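Notes for the one structure printed next.
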Amino acid sequence: MSTMNLILMGLPGAGKGTQAQKILEDFDIPHISTGDIFRAAIKNETKMGLEAKKYIDAGNLVPDEVTNGIVRDRLAEADTKNGFLLDGYPRNIDQAHALKQIGEELNKPLDGVINIHVEPAVLVERLSGRFICRTCGATYHKLYNKPKVEGTCDVCGGHDFYQRDDDKPATVKNRLDVNIKLNTPLIDYYGQEKLLYNVDGDRDIDDVYKDIKKILDNL
């Protein structure tokens with residue numbers, strides 16, 4: 001296949017970052033995450049970057065047209081000639097329509113949207129399992145990375161652990177609910193556009209990637 005213009009979707013904790021890394025190792029395309037391109041546009045003082053900075057400094061949300069402009073500028077760069085892996089954009093249907101238009105203008109239409117699906121209950125368990133040693137700051141996970149001796153820190157031998165507010169189940173569930181509301185219309189839209197590929201993310205990292213690679217090899 002000559003190009004590979006992709007979007008990677010998935011809820012927090014679904015393993016998007018890990019799978020993005022694996023895609024980049026196998027395919028010669030840049031990983032374009034909205035956070036990174038915003039920071040770069042602001043640092044380089046591009047027209048759109050300066051525009052975005054005004055909103056961010058005032059504590060306001062950056063409007064779609066500015067976000068779309070920053071994405072368009074990034075997709076017009078030379079390193080996207082073989083394709084790109086978009087992460088964190090689009091966030092809503094208006095942005096999805098804008099991306100379609102950008103793709104037509106730059107002759108870089110989307111080839112596929114990979115959605116890593118994991119049930120929210122599993123994600124709550126993954127994301128809310130983290131706890132920290134109060135004495136030395138070592139981090140543990142109740143499922144994936146327990147201390148060797150229960151209740152005792154491997155690093156300093158301390159017994160006092162705590163959980164950050166961000167990692168508490170109610171907070172995690174709230175964050176997931178917000179993301180589900182954002183993602184569901186996009187998943188429906190890309191399903192209708194015949195661009196959507198759902199991958200079961202509740203498995204070993206390598207098994208998930210095998211499925212993703214199979215999809216990409218056949219695009």
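Backbone N, Cα and C atoms are what each Cβ position is placed from, and that goes for glycine too.
Per Swiss-Prot, ATP binding site is recorded for Gly13, Ala14, Gly15, Lys16, Gly17, Thr18, Arg130, Thr139, Tyr140, Arg203, and the stated evidence type is sequence analysis. For the recorded site, Gly17 (ATP binding site), the DSSP three-state label reads helix.
What Swiss-Prot lists as AMP binding site is Thr34, Arg39, Asn60, Leu61, Val62, Gly88, Tyr89, Pro90, Arg91, Gln95, Arg164, Arg175. Counting every protein chain shown, the Cβ of Arg164 (AMP binding site) has 11 other Cβ atoms within 10 Å.
What Swiss-Prot lists as Zn(2+) binding site is Cys133, Cys136, Cys153, Cys156. On its own chain, Cys136 (Zn(2+) binding site) has Cys153, Val155, Cys156, Gly158 as residues at least 6 apart in sequence with a Cβ closer than 8 Å to its own Cβ.
Per Swiss-Prot, the feature region 'NMP' maps to 33-62. Among residues of the same chain six or more beyond the region 'NMP' (33-62), those with a C-beta under 8 A of the stretch's C-beta atoms are 69-71, 73-74, 87-89, 91.
Averaged across the region 'LID' (129-167), the predicted model reaches a pLDDT of 95. Sequence annotations record features per position, and here Swiss-Prot assigns region 'LID' to 129-167.
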Fewest Cβ neighbours within 10 Å, where candidates are the binding-site residues Gly13, Gly17: Gly17
Cα-nearest neighbour of Arg164 (AMP binding site) within the listed binding-site residues, Gly13, Gly17, Arg130, Cys133, Tyr140: Arg130
Euclidean distance between Cα atoms of Gly17 (ATP binding site) and Thr34 (AMP binding site), Å: 13
